[in-house]
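Colleague: Could you have a look at this structure, given as structure tokens, before my questions?
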């Protein structure tokens, strides 16, 4: 018992929340949804990339869709809680491209070996802080060139999805898509117009309101309020959610029997056995081309874009992102989950459709987790009927949003380096080649400027 004399107060230590309390408060803040419908809409912004690749790998290479949904769902929830921004979880695209083009010769063991090797390198670069060193010294025009090339690559792939029928299992475009039908051109065009009307070019509501205040000088106050109500109403429409749900409905209509093929329960999880041959093939064919893409697009470009979009969220550093990319696959790939990374295109897509917090991707992750646990790999029966044209529409807007990050080049020299880097990356189909050319040209221009002083 503490005795306190009259007029005196006991010496109490100030109460400071402990580390666990601070951590939980941070997680709650990172997962808090800013606006419910906009955040849910943003969660759909990454599906134009995610769904076609996992379907192709499941059909052509035997990837277990149920296991992938469970692991990527957990990844989404954890990265949302850690970063507080809509940090995406995307397939490693170079590995996926090799697997789809090689078919059974590059099966699940080779895919997992490629993912583990890539992630080990990325994790090492992050843990030793070499990735942060590279991030600090790579010129901004080169980063913008990588973002521009990746965004335009997404957009061109999206146009293929919209214009042509697709054989996702072989990664090939077939004949011209018909105008009518449940996956026709008219459907894709209507979805594109709908998203344009609702979301515009991606401007913030605040920007609209500022422009409106200037435009309505001398106009009636009632007219201004009416226009603001219409803008906020449009902003509350979850365009991507509506397009995705429409696709699910059309998939069921296209093949009603697919619903009967759904089976309850998760897929059986097992450790993938990787032979020496699989390690060799996975490293040479899969990891070697994927490593530079992961370093440039999955770490450096995504960190730069995150800083641009969320300057008040410093958690997404080159070191932390490298470590999370590494840990995801050093765990999940041993159980047959698709090799994953964080991609600038996914972040741009989710931001385009309204994602502003970690809760956005956490909701998506929870949905993946529930589907993976309840239906397992049988959900493939429905997803294969999903209209590819609608996926192309979502991918188109994600690609354009990423490409528009390059609009801040202020000088002709910066624009020159950016465009050269983007052109080489696109034509050579290699972000690494574009990166090297961009850095060399940037150094030549800096040296030339120094000599002419």
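Just so you know, glycine gets a Cβ as well, placed from its N, Cα and C.
Bear in mind that the values here come from a model prediction, so they are computed numbers and not experimental data.
As annotated in TrEMBL:
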TRANSMEM  40-59  transmembrane segment
TRANSMEM  65-85  transmembrane segment
TRANSMEM  106-127  transmembrane segment
TRANSMEM  180-202  transmembrane segment
TRANSMEM  233-253  transmembrane segment
TRANSMEM  360-380  transmembrane segment
TRANSMEM  386-404  transmembrane segment
TRANSMEM  416-445  transmembrane segment
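Help me understand the surroundings of these features in the structure.
Modeller: Sequence-remote contacts of a segment are chain residues at least 6 beyond its ends whose Cβ falls under 8 Å from one of its Cβ atoms, and for the transmembrane segment (40-59) they are 65, 68, 86, 88-91, 93, 96, 99-100, 111, 154, 158, 161, 166, 168-169, 171, 238-241, 243-244, 338, 343, 345-346, 349-356, 360-361, 363-364, 367, 377, 380, 383-384, 386, 388, 391-398.
Sequence-distant contacts of the transmembrane segment (65-85), counting only residues of its own chain at least 6 positions beyond either end whose CB sits under 8 Å from a CB of the stretch, comprise 26-27, 29-31, 54, 58, 266-267, 269, 306, 309-310, 313, 315-316, 320, 324, 328, 331-332, 335-338, 340, 342, 347, 356-362, 364-373, 375-380, 383.
A Cβ distance under 8 Å defines the sequence-distant neighbours of the transmembrane segment (106-127), meaning residues of its chain 6+ beyond its ends; these are 57, 61-64, 92, 95, 98-99, 134, 272-275, 278-279, 281-283, 285-287, 290-291, 294-295, 298-299, 318-323, 325-330, 333-334, 336, 338-341.
Packing against the transmembrane segment (180-202) from elsewhere in the chain are residues 162-163, 234, 237, 239-240, 242-243, 246, 250, 253-254, 352-353, 387-390, 392-393, 396-397, 401, 404: each is 6 or more residues past its ends and has a CB under 8 Å from a CB in it.
Counting same-chain residues at least six beyond the ends of the transmembrane segment (233-253), those with a Cβ under 8 angstroms from any Cβ of the stretch are 35, 37-38, 40-45, 47, 182-183, 187, 191, 194-195, 197-199, 205, 259, 353-354, 382-383, 385-387, 390-391, 393-394.
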Colleague: When you scan the chain for residues with a C-beta under 8 Å from the transmembrane segment (416-445), skipping those not six or more beyond its ends, what do you find?
Modeller: 138-139, 141-142, 144-146, 148-150, 152-153, 289, 292-293, 296-297, 406, 409
